[in-house]
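Heads up, the thing below is written out as C-alpha cells.
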C-alpha cells in the first residue's frame with residue numbers, strides 16, 4: 001500500500017473537480033481504502049480528492065496582473081499608438097490613464113473571491129494529468145477555464161452598475177443564476193462520491209444490536225399492553241409459547257394485504273411526477289396515487305364489514321401479525337441486500353456504502369431499488385404500513401366495544417383514531433412531499449426502513465389504541481376539547497412548515513414565496529431564515545412532538561406505557577436533528593454557520 005504524501009492539517013493546493021483551477025485547501029483526513037484525501041476549502045466546503053489532484057504550495061505562485069502578462073503584440077501595438085501624430089495632449093492622457101486605472105480597480109473588486117486563485121509556476125511543465133505542456137498552453141487553459149467559470153452576472157453588474165435596475169431585482173437574479181450554475185458542479189462532484197466513512201447508529205456493532213433490539217422492543221410493548229397491570233415494574237412480562245407466535249393463516253392474510261396494496265400502487269390512476277435529481281443527474285418518475293389507494297382500501301374494508309366480517313380478528317391475533325410482518329421485513333431486507341451487490345456504483349446510497357456487510361444491510365446499500373417501474377422503497381414508505389396503521393386502529397375500536405361490552409366506542413378511542421387518521425390522510429394527500437425527504441433522497445432501502453415501514457409504524461404507532469382496548473380511560477368533554485386544540489396546533493405547525501419547505505425546494509423563484517428570505521449556499525440551494533424555518537431549525541419536528549403528546553393524553557396517566565411513543569419520538573427526532581446538523585454543516589459550510597447564528601434554537605424555542 002503506497003504511503004500518503006500529504007499529512008493531516010497540511011495546507012496544499014487542491015484542484016476543483018471538473019476544472020484545471022487550484023485553490024488553497026487544508027487536508028483533514030485520508031481514507032486508506034479509497035486512497036482519497038478529504039480537504040477543506042476556505043469557504044468551509046469539504047471534498048474528497050485524489051492525490052494526483054493535490055499539489056504542494058511550493059509549485060504555485062500568485063498570478064501576475066494582466067498588464068504585466070500582456071502579449072508582445074499588445075505591447076508593440078501600445079508603443080505604436082504612443083508615437084501616433086494624433087495622440088491626445090498630456091493632460092488628457094493622464095485623465096484617460098486615471099480612468100483606466102479606476103476601471104481596472106473596479107474590475108479587480110468584482111473579480112475578488114473568497115478563494116485565492118493561483119497559477120502553476122513556470123518550472124512545473126506538466127499538467128495535472130502528468131502530460132508535458134508548455135507555459136503558454138498552460139496559461140491559455142487557465143484563462144479559458146476562468147472565462148467558463150467566471151459568473152456572467154458579475155460582468156453584467158459591472159457594466160450596469162449605473163443603470164436604473166433595482167438592487168433587489170439584481171440580487172434575485174444573482175441568486176437564481178447561482179442556483180443554476182453551481183448545481184451542475186455539485187452534481188459532478190457527487191458522481192465521484194467515495195465510500196461511506198462516517199458510520200451512524202454505533203457503527204457495525206451498533207447496527208447489529210439494533211437488528212436484534214428493534215423486534216424485541218416491539219414484542220415487549222405488545223406483551224405489556226396485554227397485561228392487566230402494564231407497569232414497567234412488571235418486567236419481564238410472561239412470555240407466550242413459541243408455537244403460539246406463528247400461524248400460517250395469519251401470515252397469508254399479511255401477504256394478501258401487502259400484495260393488495262401493491263396492486264393499488266400499480267393502477268394507472270393519479271399523476272406521474274419526477275423526483276429530485278440523482279447523483280448522475282437522472283430523475284426517477286413516481287406515480288402519486290396513495291390517496292386513491294386509501295379510498296380503495298376503505299371501500300374494501302367497508303365491504304368486509306357489510307358482510308359481517310369480524311375485524312377484531314386483528315386484535316385477537318395481533319402478536320402473530322407482528323411476528324409475520326417482522327419475518328417478511330427480514331426476508332425483504334435480505335433480498336434487497338443481495339440484489340444491491342450487482343447494482344451500479346452510482347445507484348448505491350451515500351450513507352450505506354461502507355463496505356461492511358452488517359452496516360450496509362441495516363442502513364440500506366441501494367438507494368432506489370426497483371423492479372421495472374415498481375419502486376420498492378417508495379411503495380413501502382406510505383402504503384402497507386401507514387394505511388395498515390389506520391386499519392389496525394379501526395380494529396382496536398371495534399375490539400374495545402366488544403371487550404368492554406359497549407354500544408359505542410369511548411371518547412378516548414375516538415380521539416386517538418381521529419387524530420391519527422388525520423395524520424395518515426395528510427401524508428397520503430401530500431404524498432409528493434415525501435420525495436424531498438432524506439428517506440428517499442439519501443437513505444438506502446435496507447432493514448432499517450423495511451422494518452420501520454412494515455413493523456414499527458403499524459404496530460408501535462397504534463400502541464395507544466391497543467392499550468385502550470384493555471385499559472379504558474374516561475375523559476370529560478372539556479378535557480377532550482383541550483386535547484383536540486393541542487393536536488390542531490401541532491398539526492398546523494407540522495403541515496405549514498413542511499409545505500413551506502417543499503414548495504421552496506421545488507421552485508425557489510415562485511412569486512408566492514417572494515416574502516421568504518434565505519441565505520444562498522455554495523450548492524445553489526437556499527436556507528430559509530423567515531417563516532417557520534426562521535423560528536426554529538426543525539419546526540416540523542416540533543409539530544410532530546406536539547401531536548404525539550396529543551395522541552397519548554387520551555390514555556390518561558395511570559401508566560407510562562402509552563407515552564412510550566412520545567419518549568421514542570423525542571429521542572428519534574433529536575437523533576435526526578443531530579444527523580441533519582452534521583449533514584448540513586458538511587454540505588453548506590459557512591452558510592450553515594450563518595444560518596445557525598440567525599436561528600439559534602433547534603426544535604424547542606428558547607429551550608433547545
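Using N, Cα and C of the backbone, Cβ positions are placed for all residues, glycine too.
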*Residues flagged as transmembrane segment in TrEMBL, choosing from 427-448, 515-536*: 515-536
*Per TrEMBL, the range holding transmembrane segment, considering 395-414, 475-494*: 475-494
*Could you tell me which of the ranges 365-385, 449-469 is annotated in TrEMBL as transmembrane segment?*
449-469
_Need a quick answer: max count of Cβ pairs under 8 Å to the transmembrane segment (449-469), which of 288-307, 319-338, 475-494, 515-536 is it?_
319-338
*For the transmembrane segment (244-267) and the transmembrane segment (319-338), does the number of C-beta pairs under 8 Å, pairs 6 or more apart in sequence, reach 3 or more?*
yes
*Using a Cβ-Cβ cut-off of under 8 Å, list the residues of the same chain that are 6+ residues beyond the ends of the transmembrane segment (319-338) and lie near it.*
215, 218-219, 222-223, 226, 240, 244-247, 250-251, 253-255, 258, 357, 360-361, 364-366, 369, 376, 445-447, 450-451, 453-455, 458-459
